[in-house]
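Marked as transmembrane segment by TrEMBL: 7-27, 58-77, 103-124, 180-201, 213-232, 244-266. Under the heading domain 'Phosphatidic acid phosphatase type 2/haloperoxidase', TrEMBL lists 111-259. Annotation source TrEMBL lists region 'Disordered' at 277-298, 351-377. According to TrEMBL, the feature compositional bias 'Polar residues' maps to 352-377.
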Amino acid sequence: MVAEISVSRILCDFTVLCITAIPLLIFHEFVTPYKRGFYCDDESIRYPFRKSTVSRQMLIVVGILIPTLLILMTEVLRTLRWEKRFADEFGTYRCRRYNVHRLIVRLYVFIGYFFLGVCFNQLMVDIGKYTIGRHRPHFLDVCKPDPGYFNCPNNHLYITNYTCTETSNKSRYLIHEAQLSFYSGHSAFSFYAAWYTTFYLQARLFRPLYSRLVLPVLQFALFGGAAYVAYTRVSDYKHHWSDVLVGAIMGSAIGIINALFIAEVFERREIPHEYRRKTRTLGSTSPQGQHAADEALNSKTVKYDKSGRLEIAEDGSDLGQPTRVVVHEERLPSIMHPARAEISPGRAVYTSPYSNAGSPQYQQYNNGSRAQTNAQR
């Protein structure tokens, strides 16, 4: 099957992405934050100014580079290794007269949706920052307002008419930034990237990476990095703890919605037929009976069907906890010990050493016949 790629659709995608980014430019260049008053005895905004442990430039580079590299490496691994023997199962793409490799299409889709989510996330951050205008913990240190900094006429007086005494260009920039505390853009972006990338990896890495621990460790590292960035915003006196918490919640929500409902990463898993889940019906789910079924599944002689229920690799390795499997009746002698297998028309009766003492266990095969396991140990 050949899918035609429309050039006009690609241009439309880039146009929409640019239109989404235009409000970000407007906010940063032309909009001034809401001028909020303050109590001069408010200790929460009297902290000293400190440089950021994780600067905005560093966050942008790392927060975009790491997800992009992970997506790139995942798709290259799938295309050049895991899917090498199943290339005919996947569709091909063409743009006008030129063939387009599916790797390019996948990178375009998943990285494109990631950047779309980046724009959505930052737009929500800027709306909150410029609308609310909450003071950062170091506001009084960089503004030095008069009145309210050098003298405090009334400790409980809410001051709205004030002038910042710091007038240098650098100070004006810092004063502008000091009114953008709610909510934390660093925290929101970090958790957005962590959630989107985690869901992407969970969906696209359909088999273990050398060890089953690699994927969860990698996902934990993403959230650990996001949490570290969020914590530094509090320790650097850039945000109040509530700013960081709301940023983490908003970034997580946008990342989850983008991955599951916009990019639809789990709908785009594209698992090759041989790795798909198979079907099996077991009359018993006891550990012994389950183990007996696992032994049968791990045999290379088991045929694969298209039911897509249980992940069993061609080499017999288990890619998921089996709950259902289809076993072809003609394969029974090779799966079970010949001395314990008796084949009759439409019925196979055998003794399993893994059976529980008690009621017989039944296993249904793909052609509708049933095999009874005698309860003997």
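Each Cβ is built from the backbone N, Cα and C atoms, and glycine gets one as well.
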Cβ under 8 Å to the transmembrane segment (244-266), counting only same-chain residues 6 or more beyond its ends: which ones? 109-110, 113-114, 116-117, 120-121, 124-125, 182-196, 199-200, 202-204, 226, 230-231, 233-234
Mind tallying the domain 'Phosphatidic acid phosphatase type 2/haloperoxidase' (111-259) by DSSP state, helix then strand then coil? 97 helix, 8 strand, 44 coil
For the transmembrane segment (103-124) and the transmembrane segment (213-232), does the number of C-beta pairs under 8 Å, pairs 6 or more apart in sequence, reach 3 or more? no
Can we call the transmembrane segment (58-77) and the transmembrane segment (180-201) in contact, meaning three or more C-beta pairs below 8 angstroms at a sequence separation of 6+? yes
With Cβ-Cβ distances below 8 Å as the criterion, list the same-chain residues six or more beyond the ends of the transmembrane segment (7-27) that contact it, or say none. 95-96, 112, 115-116, 119-120, 122-123, 126, 130
Taking all residues of the domain 'Phosphatidic acid phosphatase type 2/haloperoxidase' (111-259) together, what is their mean pLDDT? 94
